[in-house]
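Here is the structure we will look at, set down as C-alpha cells.
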C-alpha cells in the first residue's frame with residue numbers, strides 16, 4: 001500500500017496540470033510561449049474592478065440595446081496582457097448560465113440564439129459593453145459581464161427588461177387544461193412567451209387582477225390579486241401574487257400567463273356589413289397583405305399603440321375579442337382592457353389583422 005500510494009503521488013506530481021475556470025485554460029489566458037513550461041504570475045497590487053448598470057436596462061421587441069460594462073484597475077496600472085471578456089445570461093435563481101459571447105481583443109464569438117446579434121462595444125479603453133440587435137422576447141433577464149486578466153477574474157450583473165404586457169390565456173378547451181409544456185406552446189402560438197415572475201409582478205403593480213392560476217416560465221404556478229376575495233385565496237389575505245409553488249410540468253394542469261412586447265408591425269380592423277366567418281376573415285387579411293392577428297399582438301397594440309375598437313373581431317386562435325383604451329357606454333366594463341367573447345363556434349364578426357412594417 002505505501003508503495004502504491006507513493007507511485008500515485010509521483011504520477012500526480014509529474015502529470016500535466018492545466019487549471020480550468022469559467023471555460024478557459026489559464027495557460028492560454030496567461031499567453032505563455034506554448035513551450036509547455038509553467039509560468040508564475042505574481043500579484044502586482046492592482047485590483048480589477050468590473051461595473052455594470054445598477055438600474056435595469058429597458059428595451060422592447062425588435063430594438064437594439066446596449067448592456068453597459070466597464071472595468072478598471074485600482075490603482076490604475078493598465079492591463080498587462082490581453083483581456084478576455086465573457087458575457088452570459090443567468091437564470092433568475094443564478095443556478096445556470098447560458099453562454100452569450102466571449103471576446104479577446106478584436107476577436108469574438110457569439111453562441112446560440114445570439115449568433116449574428118451580439119458584439120462587444122469598446123468606445124473607450126476599459127469598456128466591455130454588450131450590444132444586442134433585434135431584441136427578442138426571451139432576451140429578457142439578467143446578464144453577467146466577466147472580465148478575465150490572467151488569474152484575476154471579476155464580474156458584475158446587469159438586468160435587461162423588456163417593456164411588455166402580461167395576459168392570461170386559456171385554450172378553447174377551457175380552464176386548467178395546460179401542462180407546462182403546452183402552456184409554453186400556446187404562448188408561442190400567440191406571439192408571446194411564458195411570463196416570468198418579475199413580469200407578472202410588474203403587471204400586478206399596474207393593475208392586473210386575475211383569479212385563475214397560471215404557469216410561469218420557471219415552472220411555478222401563480223396568480224395576481226389586487227382585490228382580495230373569497231374564491232381567490234380568501235378575504236383575509238393582503239393583495240399580492242398568490243403562489244402554488246413549483247408544479248409537476250407534465251402532470252399538473254393550469255392556465256398560462258403570457259408575455260408580449262411592442263410590435264414591429266401594425267394591427268388593424270377589417271369588417272363587412274354582414275360580418276365574416278373565421279375562414280372568410282383569414283382570406284380578408286390575406287387580401288390586405290396581412291394575416292389574422294394573434295392574441296399577443298392585439299394586447300401589444302392595445303397597450304403600446306392605444307388601439308381602441310368597440311367592435312368584436314376574430315383572432316388567429318379562433319377567439320373573438322376587442323380592445324378598449326377609452327371605456328365608454330356599450331363597450332364593456334369601466335376599465336380599459338381587451339374584452340373577450342370566448343371561442344364562438346358560430347357567428348360572424350370582423351377581424352383584426354397584423355402586418356409587418
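Along the chain as shown, residues are numbered 1 onward.
Cβ coordinates come from backbone N, Cα and C, glycine included.
Here is what TrEMBL says about this protein:
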| type | residues | note |
| --- | --- | --- |
| DISULFID | 211-232 | disulfide bond |
| DISULFID | 310-331 | disulfide bond |
| DOMAIN | 46-158 | domain 'Ig-like' |
| DOMAIN | 165-260 | domain 'Link' |
| DOMAIN | 266-355 | domain 'Link' |
| SIGNAL | 1-15 | signal peptide |
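Shown on the structure are the features that TrEMBL records.
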residue	record	Cβ neighbours (10 Å)
211	disulfide bond	14
232	disulfide bond	19
310	disulfide bond	15
331	disulfide bond	15
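Residue 232 (disulfide bond) and residue 331 (disulfide bond) have their C-alpha atoms 27 Å apart, to the nearest angstrom.
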